[in-house]
Amino acid sequence: MELKGCRGFAGWYSVLTLCLLSFIYMSSTSASEEDPPSSSSAAIISRFQHYLQINTVQPNPKYHEAADFLLAQAKSLSLESQTIEFVEGKPVVLLKWPGSDPSLPSILLNSHTDVVQVEQHKWTHHPFAAHLDSQGNIYARGSQDMKCVGLQYLEAIRRLKASGFRPLRSVYLSFVPDEEIGGHDGAEKFAKSDIFDDLNVGVVLDEGLASPNEHYRAFYGERSPWSLVIKATGAPGHGSKLYDNSAMENLLKSIESIWRFRASQFDLVKAGLKAEGEVISVNMAFLKAGTPSPTGFVMNLQPSEAEAGFDIRVPPNGDPEALERRIAEEWAPASRNMTFRLGQFKAKVSVLDKSGRPIITATDSTNPWWNLLEEAVRKANGKLGKPEIFPASTDARYFRERGLPAIGFSPMANTPILLHDHNEFLNKDEYLKGIEAYESIIEAYASYVEKASGGDGSRDEL
Ligand SMILES: [Zn+2]
């Protein structure tokens with residue numbers, strides 16, 4: 001682990017870029033002749049565009065460029081900052097707004113700085129231009145996932161500071177690398193570090209998903225990703241021969257069994273009995289079989305081996321042991337010459353914590369942070385939908401594994417879900433509304449005092 005101090009902020013080049021962007025924005029909107037004040041919508045959108053224009057696409061994200069930009073923002077807000085490299089070249093930017101009572105558990109606002117790859121030719125606008133169209137849509141990779149959230153935290157703090165608000169609890173912001181490739185060198189190492197322990201975190205906010213309707217979505221848990229590879233072996237034979245137990249036949253029997261299970265889970269979703277995040281999803285990722293020839297495959301030969309790979313997602317209330325049994329007995333039974341490997345490509349993440357309980361964050365009166373969030377969103381004129389299980393994985397799981405409440409929340413209502421898709425965009429008005437939501441949430445969280453109920457309270461609220 002390497003510890004570094006503040007890297008200094010963006011040099012003249014970035015400042016120039018920012019000015020240039022502001023200029024382009026203003027001349028296209030002709031909102032004002034002068035530089036907008038930092039609190040104006042034009043300046044807020046310009047900062048968002050600047051962050052989006054930093055190319056942090058995997059597998060070679062420009063992490064230091066993003067870090068420099070974030071540190072410059074922190075400086076302009078007089079936030080304390082440090083850059084930590086648990087793995088060289090992969091900075092975690094950690095900012096702090098100190099609370100007046102450092103003995104109280106703190107608030108952590110987490111976001112990742114990397115974005116997923118793009119198929120550039122399928123985009124209408126360049127994915128790193130952050131083009132603002134006439135409808136106010138800002139097109140960029142990361143506009144939804146999740147550079148919006150990272151900067152909204154900062155903009156909310158800018159507004160709270162301007163209003164004279166002083167936090168009681170310390171507010172930390174972590175900007176972590178590598179979420180899109182599993183978060184192992186980012187949030188995972190951060191959450192397990194002594195530095196993290198010293199923050200005395202009481203609650204974490206992390207990413208959610210856009211909502212096509214007027215209700216914001218909030219996530220209290222997520223499914224655990226498993227990868228399953230099953231392999232069939234059987235006697236090879238001439239392509240013309242009918243015989244039992246060929247590798248292909250054995251594999252197909254398994255695939256049929258897996259597909260019946262998949263349909264049973266999907267039926268629950270289709271019937272409206274369960275949400276997508278509440279069922280076990282299984283999807284085939286690859287099929288590997290056949291004997292290659294210079295022109296394709298040898299056709300008059302039945303191969304002796306065949307393999308298939310599956311992406312499986314297990315909800316926190318799923319039964320991982322029952323699923324493993326099912327795999328061993330039905331999907332890859334030794335009696336049919338089958339073997340299997342689990343977690344070959346991705347670590348098989350547990351859905352249970354150390355004491356065997358599902359890793360979820362309570363969304364009832366036992367969790368004051370949930371109630372505060374609901375109330376704060378309402379105060380900001382936002383609507384919150386029913387809490388959900390995140391269908392895929394986020395860094396929030398590393399914080400939940402520590403036993404901390406973590407809520408996935410990206411305030412994007414009336415927005416199509418375009419994360420990882422072509423032409424990812426976010427409307428600027430929706431972005432601005434999200435800042436108001438965070439302003440309300442951060443204010444509520446940072447001033448929260450546990451009602452006296454015996455004990456020192458600090459443990460109870462965890
Ligand atoms: Zn994300």
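Even glycines carry a Cβ here, placed using N, Cα and C.
Annotated in TrEMBL:
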type	residues	note
ACT_SITE	Asp114	active site
ACT_SITE	Glu179	active site, proton acceptor
BINDING	His112, Asp145, Glu207	Zn(2+) 1 binding site
BINDING	Asp145, Glu180, His420	Zn(2+) 2 binding site
DOMAIN	220-330	domain 'Peptidase M20 dimerisation'
SIGNAL	1-31	signal peptide
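Here the features listed in TrEMBL are painted onto the structure.
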residue	record	DSSP class
His112	Zn(2+) 1 binding site	strand
Asp145	Zn(2+) 1 binding site	coil
Glu179	active site, proton acceptor	helix
Glu207	Zn(2+) 1 binding site	coil
His420	Zn(2+) 2 binding site	coil
Cα-to-Cα gap, Asp145 (Zn(2+) 1 binding site) vs Asp114 (active site), nearest whole Å: 9
Between Asp114 (active site) and Glu180 (Zn(2+) 2 binding site): CA-CA distance (Å): 7
Lowest local Cβ density among His112, His420, which the record lists as binding-site residues, within 10 Å: His420
Contacting binding-site residues, sequence order - Asp145, Glu207, His420 vs ligand 1, Cβ under 6 Å: Asp145, Glu207
Neighbours of the residue listed as 'active site, proton acceptor' among the binding-site residues His112, Glu207, His420 (Cα to Cα, within 10 Å): His112
Asp114 (active site) to Glu207 (Zn(2+) 1 binding site) - Cα separation in whole Å: 13
Other CB atoms, at most 10 A from the CB of Glu207 (Zn(2+) 1 binding site): 23
Within the predicted model, mean pLDDT of the domain 'Peptidase M20 dimerisation' (220-330): 95
Lowest local Cβ density among Asp145, Glu179, Glu180, which the record lists as recorded positions, within 10 Å: Glu180
Zn(2+) 1 site, defined by His112, Asp145, Glu207: further same-chain residues with Cβ within 8 Å of the Cβ centre: Ser111, Met146, Val149, Glu179, Glu180, Asp206, Thr394, Asp395, Ser410, Leu419
DSSP helix/strand/coil residue counts for the domain 'Peptidase M20 dimerisation' (220-330): 38 helix, 40 strand, 33 coil
Asp114 (active site) CB neighbourhood, other CB atoms within 10 A: 26
Inter-residue Cα distance where the pair is His420 (Zn(2+) 2 binding site) and His112 (Zn(2+) 1 binding site), in Å: 14
